[in-house]
Amino acid sequence: ERAVALILVLCVSGMRAETARYSVPEEAERGSFVANIAKDLGLTGEELLARKARVVPEGEKQYLQLNQHTGDLVVREQMDREELCGQSEPCLVRFEVLLESPLQSFRAEVRLTDINDHAPAFLNKEIILKMSESTVPGSRFLLESAHDPDVGNNSLQHYSIGSNEYFLVHTRRRSDGRRYAELVLDRALDREQQAEVAFSITAVDGGTPPRSGTALIRVVVLDINDNIPVFAQTLYKVSVKENSSQDAIVVVVSASDFDAGTNGEIVYSIVQNSEENFETFKINPETGQIRLKKTLDYEETKTYEIDVQATDGGGLSTHCKVEVQVKDVNDNAPEVIITSLTSTLSEAAPPNTVVALFNVRDRDSGDNGRTTCELTAEQPFRITLLAADSYALVTSETLDREQVEEYNVTVRARDEGSPALSASKTLLVRLLDVNDNAPTFTQAIYTMVMSENEPAGRILGRLSATDPDAGENARVRYALVPPPTGALAAASFVSVDAESGIVRNLRPLDYEKVRALEVTVRAADGGSPPLSAQAVLRVVVRDENDNAPVLLHPPPDGSAAGELVPRWAPSGYLVAKVVAVDADSGQNAWLSYELAKATEPGLFRVGLHSGEVRTARAVTERDAARQRLVVLVRDRGQPPRSATATLAVALVDDFSDAFHQLGHDPVSGQQQQVAEEEMLTTYLIASLCCVSSLFLLSILVLTANTLCKARVRAELPPPSPSCYADGDFASNGVGSTGTLSPAYRYEMCLTSGSGRSEFQFLRPILP
């Protein structure tokens, strides 16, 4: 189709008008507006559409596009001016606008205007130039040009170089308009001063903003033999020990030549100014090392003078002198001579106390004969210089024999030779003890245990105190400290052995009277004045089971206590309570109760720990009216101790029956039973009186309580001394650790309207 359109254009070439010219920047974006073809051709958009207007490019690639509706010519594809035209200017893109009905063709061209889209660039980033140091100032050197594909003002405009002392740059223009650079030597070069000159060259274009490219120029300065060798020193002074071995290095001479290559290569030699030098020394021609051909002798020759020559590859030479001093070797060690020594020293000696005086000698001379003294270990001593080579060993701080008893003080003398020689002397210093430490008990409180009633003289334990001093100052003696006036004289119970610290009891102790005692003990050393320390000795008495239980109820007078039990008493009815105490403590005072003997064993039981006697079952008519019970009270000591209580129990129906049973016994005819019945009757009458009194007293108390309860409470009399309240037994010599329980209270009252006197038995009211 494109070929047919081209043929049609050629056929109607006679109808073409003058070429239309447009311009657009290179690399314009797709769709960028170029021109309105319809307006330039005098046609409307409808006419362009009707006549099928289209753009026919001159080349194969279509860069432009025509909008048939609006007549706008726009960019179809981005165009790179440097790619299409290179350095040619102007850069034109030609095309034809083809119309049909009738067939017409219009020539047009679009000029691509350059934009500064390229920076100048050097082909080589590093340019190396070689110049002789004899190059004349003003000489010019052509440099490699930078390349910039842009044209016009956007192309390369000038060159510049970095700051340096030797070169300038000139920008030149060729016949085709391109610019190049010339490097001009502004100052003479000196390779020995600067073997290479490096700087940057920059090519700058004329765009806005301008772009630039940079390369590095390295100018290598070529050498000429314009310098003679130079020794580092014109005079070398060295010292050599007389015992140096053969072939030992004496000195190394060094010369430098600023030239390069063979012009800078140096050869060393010794100028033979004497036969002795020739026989004694040799030199390495390349390194300048001077060595010994034979050993030296300080006594023969003390000084040598050697002339050394250095020659470069161009034949230029220079000289230096070497003075060799033969050095005496350090073959004598110092000597330490003790002139005074104190072998024993009190630990109380103050600082700066003189321990020893000594001298130091060295037969060498110079540094080999100069000496210094020091101590080889960290000890409380130091060395003081008294005069030339005269010293004193003194204490530097306070001493403590308890930490260190003796010191081996080593004094070392060293000379300043090379290598240094030294000698040592060891002094033994013993410290004498001073009583500066008091004894120390191993414990602040010693607790010892003894059993009560233990015989006198038994070992209870041992006190122990230590004293870090020595001899008599460390000998510890023990004693009891007298107690203050009015305190318990513990010295009458225990004693302490003065030498061994063994504690013994002086007499048996009763736990119930003395349970523990404390005494202060003292440990004193044998120093002058003596030092002492104190500790507390606590002796604890261990209880033994040496007390049997004591009955409080019933009283232990040998007679049986009488108790009344109604026939209607159920199982568990409280008959009586056996109360006992034990003066011992701990398990020795733990009491247990058991029924040892009974008329009818199955009718009653006893509480193991309470001592309460209760019915084990309900009382029946078949049970005997009179019962006899034996209760055994036993402690838990080893061996256990015990006591027994006897109870007489009467089973009654009513009060008169109780009198009948207590007063008449048709079965028994023995005198002892009659006495028991009389005693029981007496007890019953007394009990009746007490119950009646308590009943009347209760009525009065209740009435008074109703009227003034608070006042009655405030004015109530204290408990009766006959009651066993807490602490009563302790006042009578009985320990508070007994097993007496609080007293039981029984309520007894008469029934109203009864035709005869009788007791009504009720259950006990526990507090």
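Each Cβ is built from the backbone N, Cα and C atoms, and glycine gets one as well.
Residues or ranges marked as signal peptide in TrEMBL: 1-17.
Summarising the annotation, TrEMBL assigns domain 'Cadherin' to 16-122 (among others).
The domain 'Cadherin' annotation in TrEMBL covers 123-231 (among others). Taken together, the residues in the domain 'Cadherin' (123-231) have a mean pLDDT of 88 on the 0 to 100 scale.
According to DSSP, the secondary structure content of the domain 'Cadherin' (232-336) in residues is 10 helix, 49 strand, 46 coil. Among the features that TrEMBL reports, domain 'Cadherin' is placed at 232-336 (among others).
Across the range of the domain 'Cadherin' (337-441), the DSSP-based residue counts are 4 helix, 57 strand, 44 coil. TrEMBL lists 337-441 (among others) with the feature domain 'Cadherin'.
The feature domain 'Cadherin' is assigned by TrEMBL to 442-551 (among others).
Summarising the annotation, TrEMBL assigns domain 'Cadherin' to 565-668 (among others).
Residues or ranges marked as transmembrane segment by TrEMBL: 680-703.
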